[in-house]
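A.B. asks: I grabbed these lines from Swiss-Prot:
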{"type": "REPEAT", "residues": "189-223", "note": "repeat 'PPR 2'"}
{"type": "REPEAT", "residues": "259-293", "note": "repeat 'PPR 4'"}
{"type": "REPEAT", "residues": "294-328", "note": "repeat 'PPR 5'"}
{"type": "REPEAT", "residues": "329-363", "note": "repeat 'PPR 6'"}
{"type": "REPEAT", "residues": "364-398", "note": "repeat 'PPR 7'"}
{"type": "REPEAT", "residues": "399-433", "note": "repeat 'PPR 8'"}
{"type": "REPEAT", "residues": "434-468", "note": "repeat 'PPR 9'"}
{"type": "REPEAT", "residues": "469-503", "note": "repeat 'PPR 10'"}
{"type": "REPEAT", "residues": "535-569", "note": "repeat 'PPR 11'"}
{"type": "REPEAT", "residues": "570-604", "note": "repeat 'PPR 12'"}
{"type": "REPEAT", "residues": "605-638", "note": "repeat 'PPR 13'"}
{"type": "REPEAT", "residues": "639-674", "note": "repeat 'PPR 14'"}
{"type": "TRANSIT", "residues": "1-64", "note": "transit peptide"}
Amino acid sequence: MYIEIASSSSLSLPLLPLTRPHIYTSIPFSTIPEARQRNLIFTVSASSSSESTQNKKVWRKQPEKNTTSSFQALRKHRRYQRSAFLDHNVDMDELLASIHQTQNEKELFSLLSTYKDRQLSIRFMVSLLSRENDWQRSLALLDWVHEEAKYTPSVFAYNVVLRNVLRAKQFDIAHGLFDEMRQRALAPDRYTYSTLITSFGKEGMFDSALSWLQKMEQDRVSGDLVLYSNLIELSRRLCDYSKAISIFSRLKRSGITPDLVAYNSMINVYGKAKLFREARLLIKEMNEAGVLPNTVSYSTLLSVYVENHKFLEALSVFAEMKEVNCALDLTTCNIMIDVYGQLDMVKEADRLFWSLRKMDIEPNVVSYNTILRVYGEAELFGEAIHLFRLMQRKDIEQNVVTYNTMIKIYGKTMEHEKATNLVQEMQSRGIEPNAITYSTIISIWGKAGKLDRAATLFQKLRSSGVEIDQVLYQTMIVAYERVGLMGHAKRLLHELKLPDNIPRETAITILAKAGRTEEATWVFRQAFESGEVKDISVFGCMINLYSRNQRYVNVIEVFEKMRTAGYFPDSNVIAMVLNAYGKQREFEKADTVYREMQEEGCVFPDEVHFQMLSLYSSKKDFEMVESLFQRLESDPNVNSKELHLVVAALYERADKLNDASRVMNRMRERGILKPFPG
């Protein structure tokens with residue numbers, strides 16, 4: 001049976017039936033084990049081959065050991081290349097359709113045997129590969145290109161197959177393809193590495209992604225801004241901020257100037273890593289690099305400060321933003337309404353809210369919710385209730401946050417019945433209460449002496465399948481403890497030891513934040529052993545709990561588990577870990593962690609550097625104190641005044657008064673400290 005490929009050509013392409021009348025050894029495309037690696041050996045028969053069976057890697061014959069000599073022989077005996085290919089005479093769509101009907105390698109090779117003498121250009125074959133999305137067929141097609149048709153190996157062909165293999169998450173085979181490229185003396189290019197790095201990174205395999213990045217740098221293949229930016233964004237989304245910072249450092253070391261998007265991402269990263277000064281300094285660096293900060297840059301920095309309750313710093317950034325005439329947007333204004341409220345600047349918050357429309361900025365539900373909360377916290381209950389009802393009269397959107405805010409306001413006025421009525425009202429309007437709604441009403445009822453109603457609601461929530469969040473559990477525990485029902489509170493805590501209706505990570509966080517060290521420890525160890533701890537913040541939460549309770553051995557235990565799991569600690573965790581090593585007198589380990597993190601490109605806040613100085617001092621290693629002091633002294637990112645004061649204090653504590661005096665005199669000489677009056 002034959003099908004016609006193109007009306008202008010006398011060539012025809014055999015369409016093979018899906019079942020064959022004879023038996024042969026083959027691997028069907030649909031049944032190849034996913035876990036099979038490229039370097040495993042299988043016996044496969046291939047048509048158009050001088051040997052009926054032979055050992056092959058998963059998809060192809062093993063490349064000859066002596067690659068150089070084999071390629072020389074190939075060139076020597078290669079037929080004269082036709083100047084005119086048959087590309088335009090072959091219908092690629094029909095050829096692809098025929099390829100899709102093949103069930104194994106033998107059928108595919110037989111189908112393509114018509115073109116074994118390379119009547120089609122390598123460009124045509126690469127295009128064919130790029131349109132074949134099935135990773136198994138694309139591998140077999142690549143084998144035919146190199147082993148049957150004897151095309152010169154092409155990095156473009158490998159790149160296309162790598163893409164298909166990685167889309168199918170066949171990472172072991174991707175490794176094998178890369179090794180095969182090396183064996184064929186092909187140099188992986190930027191696209192090769194970009195595909196590998198991005199694919200491994202998207203799957204959260206950052207150690208592997210960074211390993212590919214290291215190989216790329218060793219091969220002197222230059223990365224581009226897009227590649228580094230993608231890695232930074234992937235790290236940020238996975239909350240691995242130390243790796244994002246490390247990649248950003250590599251980007252700049254490569255001589256690439258970050259663009260506005262990269263800078264804005266890094267402002268967010270530094271903020272999430274609690275490196276606030278570094279986040280602020282990026283604005284300065286952007287100006288120096290000729291990349292003007294925009295509204296997103298400033299609003300991102302504002303968000304960083306607000307999330308960490310640094311409201312005065314946010315006020316300073318907003319003033320700078322207005323000074324440089326950077327346009328304000330709704331996000332920025334909403335943030336600043338919140339900031340004004342947090343700083344008890346209610347008039348400023350009120351003025352900004354009511355002036356939004358004058359600036360041609362239409363307030364949204366977030367704007368209304370924020371000013372409602374500001375009114376409530378300032379105990380301007382009349383204004384809050386008036387605005388809430390005004391929203392309803394003007395059909396302005398209200399959501400669960402709006403109602404939660406108003407329920408909380410009624411709780412402050414001890415009007416628990418009105419709060420209860422609001423819960424019923426929101427449900428009648430089709431607004432579903434959430435965990436915060438329930439925890440707020442339970443808290444209000446508890447304070448009003450309506451514990452029976454609170455307990456009944458909590459029990460209904462547990463049996464109804466509603467998500468029980470940290471706040472809700474803690475609220476009920478506190479409600480029981482307030483009235484002396486310690487048995488009920490302990491039963492809830494006991495339930496959290498073996499949670500069957502909430503994730504273990506949630507249980508750990510609840511217990512840790514409640515200061516329940518023993519219970520949190522028990523659940524954490526069980527969860528870690530069973531591989532349930534996936535969130536990096538859970539490790540940080542446990543380290544923080546142990547550090548607060550001076551359980552330094554446990555701090556080190558969790559840190560080592562964290563590193564075993566492949567997570568990078570943030571600067572706060574590093575500070576607590578260094579302190580724990582110091583308390584345990586394990587100075588060498590502290591020094592190792594400090595150096596390793598710096599080599600990875602971590603940027604430490606001053607407190608970490610100062611803590612390391614303190615550890616060296618505790619060890620009586622003043623040579624290291626002086627060495628680190630001199631290095632930090634030349635670092636423009638370190639607060640010079642605080643550095644000198646810390647070092648002087650360390651020398652003074654060790655009775656090295658001459659050295660302490662020397663450091664203080666150096667401060668005066670450099671104008672850091674005012675000289676004594678004459």
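Using the three backbone atoms N, Cα and C, a Cβ is placed for every residue, glycine included.
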A.B. asks: Can you tell me which parts of the same chain pack against the repeat 'PPR 14' (639-674), counting only residues 6+ beyond its ends and a CB-CB cutoff under 8 A?
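C.D. replies: Beyond its ends, the repeat 'PPR 14' (639-674) has Cβ neighbours at 606, 609-610, 613-614, 617, 620, 622, 625, 629, 632-633.
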A.B. asks: Across the repeat 'PPR 7' (364-398), what are the DSSP residue counts per state (helix, strand, coil)?
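C.D. replies: Taking each residue of the repeat 'PPR 7' (364-398) in turn, the totals are 26 helix, 0 strand, 9 coil.
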A.B. asks: Have the repeat 'PPR 12' (570-604) and the repeat 'PPR 4' (259-293) got at least three CB pairs under 8 Å, pairs 6 or more apart in sequence?
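C.D. replies: Yes, the repeat 'PPR 12' (570-604) and the repeat 'PPR 4' (259-293) are in contact.
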A.B. asks: Quickly jot the same-chain residues contacting the repeat 'PPR 4' (259-293) by Cβ under 8 Å, restricted to those at least six beyond its ends, or write none.
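C.D. replies: Same-chain contacts beyond the ends: 225, 228-229, 232-233, 235-236, 239, 241-242, 244-245, 248, 251, 300-301, 303-305, 307-308, 310, 313, 317, 320, 326, 570-572, 603-606, 637.
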A.B. asks: For the repeat 'PPR 7' (364-398), what are the same-chain contacts with Cβ under 8 Å, counting residues 6+ beyond its ends?
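C.D. replies: Hits for the repeat 'PPR 7' (364-398): 330, 333-334, 337-338, 340-341, 344, 346, 349-350, 353, 356, 405-406, 408-409, 412-413, 429, 431.
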A.B. asks: Near the repeat 'PPR 5' (294-328), which same-chain residues lie under 8 Å Cβ to Cβ, leaving out any that are not at least 6 residues past its ends?
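C.D. replies: The answer is 260, 263-264, 267-268, 270-272, 274, 276, 279-280, 283, 286, 335-336, 338-339, 342-343, 359, 361.
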A.B. asks: DSSP says what for the repeat 'PPR 11' (535-569): how many helix, strand, coil residues?
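C.D. replies: For the repeat 'PPR 11' (535-569), the helix, strand and coil counts are 26 helix, 0 strand, 9 coil.
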A.B. asks: Could you please provide the mean pLDDT value for the repeat 'PPR 7' (364-398)?
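C.D. replies: 92, rounded to a whole number.
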